[in-house]
Amino acid sequence: MRRRDPAVPIAVLVAALALAPLPLLLGPFWQSLLVNVLMYAALATAWALFSGPTRYVSLATAAFFGIGAYTTAFLGEALPLPLVYPAAALAGAVVAAVVGLSTLRLSGVYFVIFTFGLAELIRQLVTYAEARLGGTVGRFVFVDVTPRGIYWLLLAVCVLVFLVGWWIGRSRLGWALRAIGDDEIAARHCGVDTTRTKVAVFAISATLISLVGAIMAPRWTYIDPAIAFNPILSFQVLIMALLGGAGRLFGPLLGVVPLAVLFELLQANFPNAFSVLLGLVFLGVVYLLPRGVVGLIEQGRGALRLARRTHPRPAA
Amino acid sequence: MPPRFTPDRRALLGGIATAAVLGTAARAQARPVRIGYSISKTGPNAGGANTTTLPNYQLWARTVNEAGGLRLPDGQRRPIELIEYDDRSQSEEAVRNVDRLINQDRADLVLPPWGTALNLAVGPVLNRAGYPHLAVTSVTDRIPELVQRWPNAFFFLGRSSAAAEALVSALQGLRQEHGLGSTVALVSVQDQFGIELMNAGRAALNRAGFRILMDRQYPLGSQDLSPIIAEAARANPEIFIAFSYPPDTLALTEQARIANFNPKVFYTAVGTAFPLFRQRFGNNAEGVTGIGGVDTQSPAIRDYIARHTQVIGRPPDGWASPVTYASLQVLEQAIAQVGVDRPALIRAIASGTFETVIGTVRLENNQRVRQWWVGQWQGGEFVAVGPPGVPGVQPIRFPKPAWGAA
């Protein structure tokens with residue numbers, strides 16, 4: 001895999017160029033569906049940047065998404081848009097660094113619960129601050145971005161996520177992360193600064209997630225803490241990444257596309273049984289694909305290789 | 001592309017009602033008007049959507065179809081076919097559902113979701129597509145600004161500050177005529193609507209010379225509200241005002257009853273008008289004031305309540321339900337004038353005068369201004385008692401009787 005790495009950025013850019021003209025060709029409905037796919041692709045891949053190699057399951061996606069969305073709500077009418085997005089990214093990075101420094105010493109289930117609590121904590125803080133200082137809870141986001149604009153911005157973030165992921169995978173940071181995922185104590189004994197590594201990648205992942213939140217907020221015109229910090233988002237991203245396979249850069253994408261299409265099918269045809277059917281699908285995924293789609297592909301490859309070895313092709 | 005089912009399967013109600021009612025072959029062949037909506041059937045908004053909005057869509061479609069369908073300007077009638085999606089109380093789902101309704105299902109018209117947040121989420125989509133947007137359950141102080149942005153949007157419930165100001169003017173009336181005192185305990189839920197009401201209410205109370213003894217907010221979803229009632233009881237005010245949401249409306253009323261806290265005016269906001277409130281508190285609901293209220297003397301309202309109870313199996317709520325139904329009647333009458341022509345419908349709704357269950361509706365700048373804001377449980381009905389001067393308002397019963405045994 002490693003040898004072919006330089007092919008990755010080229011493939012990402014080519015795919016992005018191929019996808020870019022779609023909104024000009026498709027109607028608003030398909031555009032809407034694609035916005036959804038791109039949003040989850042960016043979120044799930046950004047989530048897996050940190051959680052994939054380290055195996056720290058984070059439920060803080062909603063927290064950073066909300067921070068991004070609120071940054072747009074606060075600054076959207078005051079600053080020009082090209083400045084709003086960097087501000088959102090910065091806000092996400094700062095919060096992630098502060099939170100990371102104080103908590104990434106936790107591991108296992110404690111970390112999971114902490115990240116879940118983080119989203120809730122930030123939600124309550126925002127509610128409190130808005131009620132006390134803002135005079136209302138709930139903000140209008142009147143920023144003139146067309147659905148097409150949102151599509152292109154999300155596509156750009158996806159490219160960014162994949163390039164960053166590719167770069168991390170090749171860098172010392174990536175090696176350190178994988179060492180932590182295999183055995184954190186051993187990694188520390190080998191001289192890896194585990195805390196710094198974890199905080200750095202946690203912050204990178206959070207920055208990208210905040211960017212997605214900042215881009216999505218204008219689509220809803222109105223956000224309040226319950227919308228911006230919706231815990232369902234954290235779970236959906238987690239499930240999509242796990243279905244695809246969080247251990248590989250393109251793994252989450254393999255989960256996002258089928259699930260986004262499945263959500264759409266269920267929603268369009270069985271609106272009243274959506275949640276029940278979704279639950280059944282998840283059970284099926286866990287039973288049949290415990291290692292995700294990536295695991296399935298690798299298993300298939302392994303089987304092929306084995307078959308080739310035992311039944312060598314006759315020479316031509 | 002997703003395989004799609006025949007519309008009847010999704011639009012169960014509209015479809016079945018249409019098929020059942022339109023016995024005559026000639027009428028059954030009229031092409032139905034496809035009316036879609038995205039509504040919160042699950043998630044935190046489901047309670048409100050299922051009390052106020054969804055039953056009225058069903059009742060209206062059934063009533064219209066039983067009469068032979070929507071009347072068009074040429075006298076022809078076309079049945080309504082409903083297309084329904086669940087947005088699971090999520091903004092993104094609501095946006096995509098409306099996108100799907102307009103572009104995939106080719107719905108002729110789209111009815112609004114429930115609540116301020118979801119109405120604002122689908123606002124740009126409906127605006128871009130040029131669909132009329134009957135944003136009934138969207139109540140905020142920035143409506144005048146929204147109307148500027150979205151000339152296709154219509155607001156039937158007015159601004160939140162109007163609700164608080166109407167309450168204060170009703171209290172002023174009680175002070176002058178019945179010697180109500182000036183002391184108030186004021187609490188509110190920390191949510192957009194609660195806080196907008198609170199800010200407007202506090203200012204109006206101060207202007208009118210009321211004395212606020214207690215001023216508290218609690219987070220949305222608070223489980224234990226007994227400390228709030230305990231503090232209010234210690235302050236011993238003449239007036240208790242809670243700008244609350246349905247779960248806390250029930251909890252605060254229950255706590256006040258348990259603590260035997262008996263101010264002369266007891267006001268809770270959203271949810272007081274729900275039939276559930278009366279079921280829960282029985283005779284203790286008597287004399288409680290809240291947001292909303294209807295003119296229970298009006299035969300149109302009485303007929304509406306009776307039909308709602310018969311078709312849906314429970315009475316409507318006494319605030320936004322009849323207004324939602326009235327907004328559908330406005331749409332129906334506008335269609336009778338100009339047909340299913342969306343730009344013409346927007347013009348007709350903005351400028352027309354309509355006879356509805358809540359009386360004559362005439363929008364000013366796309367907003368309904370004069371309306372019932374203060375209601376009171378009187379003899380098992382949620383009667384409009386304020387603001388003074390609006391047609392159909394009845395005298396307030398004062399003071400509220402003390403709580404009895406549960």
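Glycine residues also receive a Cβ, built from the backbone N, Cα and C atoms like all the rest.
Feature annotations, reproduced from TrEMBL:
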type	residues	note
TRANSMEM	A:7-26	transmembrane segment
TRANSMEM	A:32-50	transmembrane segment
TRANSMEM	A:57-76	transmembrane segment
TRANSMEM	A:82-101	transmembrane segment
TRANSMEM	A:108-129	transmembrane segment
TRANSMEM	A:149-168	transmembrane segment
TRANSMEM	A:199-220	transmembrane segment
TRANSMEM	A:276-297	transmembrane segment
Chain residues in Cβ proximity to the transmembrane segment (A:149-168) (below 8 Å; excluding those fewer than six residues from its ends, i.e. six or more beyond): 5, 8-9, 12-13, 16, 19-20, 22-23, 31, 34-35, 38-39, 41-42, 45-46, 48-49, 85, 174, 177, 201, 204, 208, 211-212, 215-216, 218-219, 249-250
Feature contact check the transmembrane segment (A:32-50) with the transmembrane segment (A:199-220), CB under 8 Å, 3 or more pairs: yes
Folded-back contacts onto the transmembrane segment (A:82-101), same chain, C-beta under 8 angstroms, at least six residues removed: 60, 63-64, 67-68, 71-72, 75-76, 118, 122, 143, 153, 195, 198-199, 202-211, 213-215
Same-chain residues near the transmembrane segment (A:57-76), Cβ under 8 Å, at least 6 residues beyond its ends: 43, 47, 50-51, 83-84, 87-89, 91-92, 95-96, 99, 111-112, 115-116, 118-119, 122-123, 126, 139-143, 202, 205-206, 209-218, 223, 225, 227-235, 237-238
